[in-house]
Amino acid sequence: MLHQYVRQFGEKLVRRRPLELRAERPRAYLNTLDLVAMGVGSTLGAGVYILTGELAKVRAGPATVICFLVAALSCVMSSLCFTEFGAQVPRSGTAYLYSYVTRGQLCAFIIGWNLILSYVIATACVSRAWSYVFDNLIGNHISQVLQETFSLQVPYFLARYPDFFALGLVLLLIGMQVLGARESALVNKVFTGINILVLIFIILSGFIKGDLHNWKLTEQDYTLNTSGSSDTSSLGPLGSGGFVPFDYEGILHGAATCFYAFLGFDSIATRGEEALNSDRSIPSGIMITLFICFLAYFGVLASLTLMVPYYLIHPDSPFPQAFLHIGWDAARYVVIVGSLCALTSSLLGIMFTMPRLICAMAEDRLLFRGLAWIHDCTGTPVMAIMASGNLADTSKIRI
């Protein structure tokens with residue numbers, strides 16, 4: 001008898017999910033343009049304004065553009081898997097659902113909870129980053145008021161005060177998602193469009209004010225900057241100079257980091273049930289997203305390394321300091337606006353994805369069944385959206 005129970009339990013753990021469509025589905029509103037806007041918004045987040053500076057300064061120099069090319073080709077291989085699954089399995093859940101179909105229930109349960117944890121942490125971090133950037137823009141008044149009013153006696157690695165501004169931002173986005181997929185997609189397209197316009201401005205600025213000599217720097221140039229600068233600690237390493245100052249090893253190290261800059265296209269696959277003609281729009285949306293993001297990263301890195309010698313790039317705020325270097329100090333406000341729009345698009349992409357994953361797991365009875373309820377009027381998983389928002393808001397207290 002015990003052997004039979006153990007066998008039945010083991011069979012449940014490796015049971016694979018059949019590929020039938022559910023009767024209660026979200027409404028299909030999203031076309032290919034909506035999916036591309038969602039993927040670009042999730043991928044071109046704050047990393048394009050911060051990650052690029054550190055990579056160019058200490059990893060690969062001007063050859064960082066090659067790093068992004070190598071990473072983009074690697075992501076194309078990964079995206080082909082997503083497009084294949086997305087076309088064959090037009091359901092929400094991405095890696096969770098795919099692992100359930102191919103590997104079984106236990107593997108899907110572990111992957112699903114890992115994804116939920118990563119989405120919760122990402123939502124809390126991005127919303128806090130949005131609050132931090134906006135607070136810096138207005139002179140740190142928000143943080144000063146919150147610290148004086150709600151100061152917390154907690155260890156140094158936890159938040160010193162509850163960030164109610166970030167909380168309000170997440171609640172606002174929750175309400176927007178409850179209204180429906182069409183309204184959320186429209187807002188996402190607006191912020192993504194502004195972000196792309198800012199990136200185009202940065203690219204054009206680099207080509208106008210850039211100097212090709214910054215791709216052919218020598219030790220003599222480095223010595224002149226060292227002797228002419230009072231703060232030599234801010235200078236990065238020279239390497240061997242030229243276009244590839246840190247050899248091909250630096251390109252490979254940079255490409256390994258750049259790969260994570262393309263993560264976000266998988267959010268398209270979570271909208272299989274809300275996509276019109278999903279067997280064509282999902283593969284097309286993923287490939288177009290990767291192409292647009294590669295062009296944006298390539299152009300931004302090229303303009304940055306043309307405007308400023310790579311060893312003078314500021315790792316934390318590369319573009320504001322680059323515009324200061326060429327005498328366009330006012331342009332840094334354009335960069336801040338782009339950063340806020342990029343963070344908003346990234347946050348929208350995360351908060352679009354997490355409720356669909358929770359809804360898919362609830363439908364499979366790996367979470368509470370009520371979380372899979374779809375609202376009749378809006379066609380959105382309301383309970384899953386509320387649950388994901390509550391998890392993210394709670395985590396802000398600890399981040």
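Backbone N, Cα and C atoms are what each Cβ position is placed from, and that goes for glycine too.
Taken verbatim from TrEMBL:
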TRANSMEM  28-51  transmembrane segment
TRANSMEM  63-85  transmembrane segment
TRANSMEM  106-130  transmembrane segment
TRANSMEM  164-181  transmembrane segment
TRANSMEM  190-208  transmembrane segment
TRANSMEM  250-269  transmembrane segment
TRANSMEM  290-313  transmembrane segment
TRANSMEM  333-352  transmembrane segment
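Recorded stretches compared: 28-51, 106-130, 164-181, 250-269, 290-313; the one with the most Cβ pairs under 8 Å to the transmembrane segment (190-208) is 290-313. If one looks beyond the transmembrane segment (28-51) by at least 6 residues along the same chain, the residues whose Cβ comes under 8 Å of a Cβ in the stretch are 126, 129, 180-182, 185, 188-189, 191-193, 195-196, 199, 257, 260-265, 267-268, 271, 273-276, 278, 280-282, 284-286, 288-289, 292-293, 296-297, 300, 316-319, 335, 338-339, 342-343, 345-346, 348-350, 352-353, 379. Contact between the transmembrane segment (333-352) and the transmembrane segment (63-85) does not hold: fewer than three of their C-beta pairs are under 8 Å, each pair 6 or more apart in sequence.
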